[in-house]
Amino acid sequence: MTSKASTVDLPSASISSKAALAYFESKTLDVLDMTTLLGAHAIGTTDCSNVVDRLYNFNNTGKPDPTMSQHFADQLRKTCPRPANMSGTQAKNPWVYLNPDSGPSYQLGNSYYKRALAHQSVLGVDQQLLYNNDTRELTGEYADEYPWKNGFEGWRRSLALSMNRMGNIDVLTDNSTGEIRRNCRYTN
């Protein structure tokens, strides 16, 4: 009967590819769905707190994520200061675009996948696409790395199918645990 941010079930932004795939499989989704749905990170923003570990203290090493392009890490550091300088306020903890290529235009394109191939993913989970043979191949395909495949158009078709599959997860079909709303914005 209520919707709260605290009840949203999403994996960590720095989850490994193996753990991410296990999470998606627990929701009856597969590697194709995961790779395709992560492509939605082609638009949107994230809080710097989801990025600073990759920039300054990857896996508690005191060093940046070695899988991230040095040039890209330097760019991100201009927006995301060291954690010691950050507080919980919006002014001190800025937001970054998940895909700097699309920025505020929020246009879907294949630059998300091209950036992953260039080691320029903002989130660790996105960069992880390169470290599994299946996700690496799909990333290359969606980035148009293989011109004989469907590329971005193939991703668009896969996204429609994967969104449909995701929309079938834990669908309420009766009133035993809530209500099926006539209007999503209001309880009946």
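Each residue, glycine too, has its Cβ placed from N, Cα and C.
Listed in TrEMBL as the disulfide partner of CYS48, from the options CYS80, CYS184, is CYS80. For the domain 'Plant heme peroxidase family profile' (1-188), the model's average pLDDT works out to 86. Looking only at the recorded positions PRO11, HIS41, CYS48, CYS80, the one with its C-alpha closest to ASP101 (Ca(2+) binding site) is HIS41.
Taking the Cβ of HIS41 (heme b binding site) as centre and 10 Å as the limit, one finds 21 other Cβ atoms among all the protein chains shown. In the structure as shown, the Cβ atom of PRO11 (substrate binding site) sits within 10 Å of 15 other Cβ atoms. Around CYS80 (disulfide bond), a 10 Å sphere centred on its CB holds 26 further CB atoms from the protein chains shown.
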